[in-house]
Amino acid sequence: MNPHAKLITSLSLLLGTTITISSNHWMMAWTGLEINTLAIIPLISKSHHPRAIEAAIKYFLVQAAASALILFSSMINAWTTGQWDISQLTHPMSCNLLTMAIAMKLGLVPFHFWLPEVLQGSSLTTALLLSTLMKFPPITILLLTSHSLNPTLLTIMAISSTALGGWMGLNQTQTRKILAFSSIAHLGWMAAIIIYNPKLTLLTFYMYSMMTTTVFLTINTTKVLNLPTMMTSWTKSPMLNATLMLTLLSLAGLPPLTGFLPKWLIIQELTKQEMTTTATIISMLSLLGLFFYLRLAYYSTITLPPNSTNHMKQWHINKPTTYPIAILTILSTLLLPLSPMILTTI
């Protein structure tokens with residue numbers, strides 16, 4: 001990709017995100033989301049492969065529909081109340097339309113169909129951006145309007161997302177699709193708590209982004225795109241694969257790793273809000289996710305299954321592990337002892 005084009009798209013991504021998260025007016029937030037959408041499309045389609053072009057078209061159509069719904073929702077609210085302020089969303093129909101639009105932007109069930117396909121058609125770096133940075137502006141809008149959203153609708157979406165993210169991830173062999181369904185399941189946890197404790201949603205999103213970034217960067221280093229390749233990747237970089245196993249278990253939410261903290265706090269908060277049933281259901285459904293994370297961890301480190309493979313066993317990678325991966329791996333696995341300090345901020 002042309003360096004100038006890459007610079008423009010990167011700056012546009014930062015600009016769009018900054019405009020959306022810092023705006024109070026609906027039109028400015030919508031403008032930021034549109035800049036973001038248009039900036040990421042060249043990154044998705046840069047390989048010129050038919051699958052990449054298909055992913056870019058799917059992404060554009062879904063995001064354009066979601067942006068139109070956001071605009072429609074804000075116009076209905078402005079028409080009835082005279083307010084263009086994001087925090088003054090009071091009209092019930094506007095609230096429901098906005099919830100559906102943000103669900104489309106994020107990939108919450110039942111608007112999740114585009115996410116696995118788009119991630120599978122993108123490069124690993126672009127898939128990382130789609131899973132983390134591109135979800136930040138819509139979550140910010142949800143945070144600003146959380147006091148006026150419909151709790152029943154969000155709870156149904158949260159439980160459905162956690163269930164589907166777990167179920168659909170079970171039979172996948174492509175690592176990007178597995179991480180896409182992992183993203184859907186984690187978004188379910190965030191949607192469950194956003195009305196009751198928005199700061200906790202933000203903490204969960206930060207933790208999820210950190211762990212997902214670690215996994216994507218590690219996979220990008222070892223060039224593992226599916227499970228058969230992962231079986232033989234331990235010969236390339238044994239230490240990196242060992243740390244990948246820990247990061248995957250952290251993403252699954254196993255104690256005493258970092259990923260346990262947000263799930264523990266969400267279950268605690270839901271119990272305080274007398275939503276014990278919801279807490280129990282999403283906890284049980286997260287076991288489905290745990291299964292496929294364990295399978296990934298098993299393939300990456302513990303054993304080479306007794307079957308023949310078409311992949312040539314490659315020897316060690318010559319380039320050393322980069323500092324960002326090392327730092328992110330430490331943060332993704334060892335932050336739980338710092339939980340008292342983290343709790344003082346929420």
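Using the three backbone atoms N, Cα and C, a Cβ is placed for every residue, glycine included.
Owing to the predicted nature of the structure, the values given are computational and were not obtained by experimental measurement.
Here is what TrEMBL says about this protein:
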SIGNAL    1-23  signal peptide
DOMAIN    23-288  domain 'NADH:quinone oxidoreductase/Mrp antiporter transmembrane'
TRANSMEM  56-76  transmembrane segment
TRANSMEM  96-115  transmembrane segment
TRANSMEM  152-171  transmembrane segment
TRANSMEM  178-196  transmembrane segment
TRANSMEM  202-219  transmembrane segment
TRANSMEM  240-261  transmembrane segment
TRANSMEM  281-302  transmembrane segment
DOMAIN    290-343  domain 'NADH dehydrogenase subunit 2 C-terminal'
TRANSMEM  323-343  transmembrane segment
For the domain 'NADH dehydrogenase subunit 2 C-terminal' (290-343), mean pLDDT (0 to 100): 76
Tertiary contacts of the transmembrane segment (56-76) (same chain, 6+ residues out, Cβ under 8 Å): 26-27, 29-30, 33-34, 37, 40-41, 44-45, 84, 89, 91, 93-95, 97-98, 100-102, 104-105, 111, 114, 117-118, 121, 130, 141
Considering the transmembrane segment (323-343), which listed stretch of 96-115, 178-196, 202-219, 240-261, 281-302 counts the most C-beta pairs under 8 Å: 240-261
Among the ranges 152-171, 178-196, 202-219, the one whose Cβ pairs under 8 Å to the transmembrane segment (281-302) are most numerous: 152-171
Surrounding residues of the transmembrane segment (152-171) on its own chain - C-beta under 8 Å, 6+ positions past either end: 96, 99, 103, 108-110, 112, 116, 177-178, 181-192, 194-195, 275, 278, 281-282, 285-289, 291-292
Intrachain residues whose Cβ lies under 8 Å of the transmembrane segment (178-196), provided they are six or more past its termini: 106-109, 112, 115-116, 119-120, 127, 131, 135, 139, 142-143, 146-147, 149, 151, 154-155, 157-166, 168-169, 172, 204-205, 208, 212, 215-216, 251, 262-263, 266, 269-270, 273, 278, 282, 285-286, 289, 292-293, 296
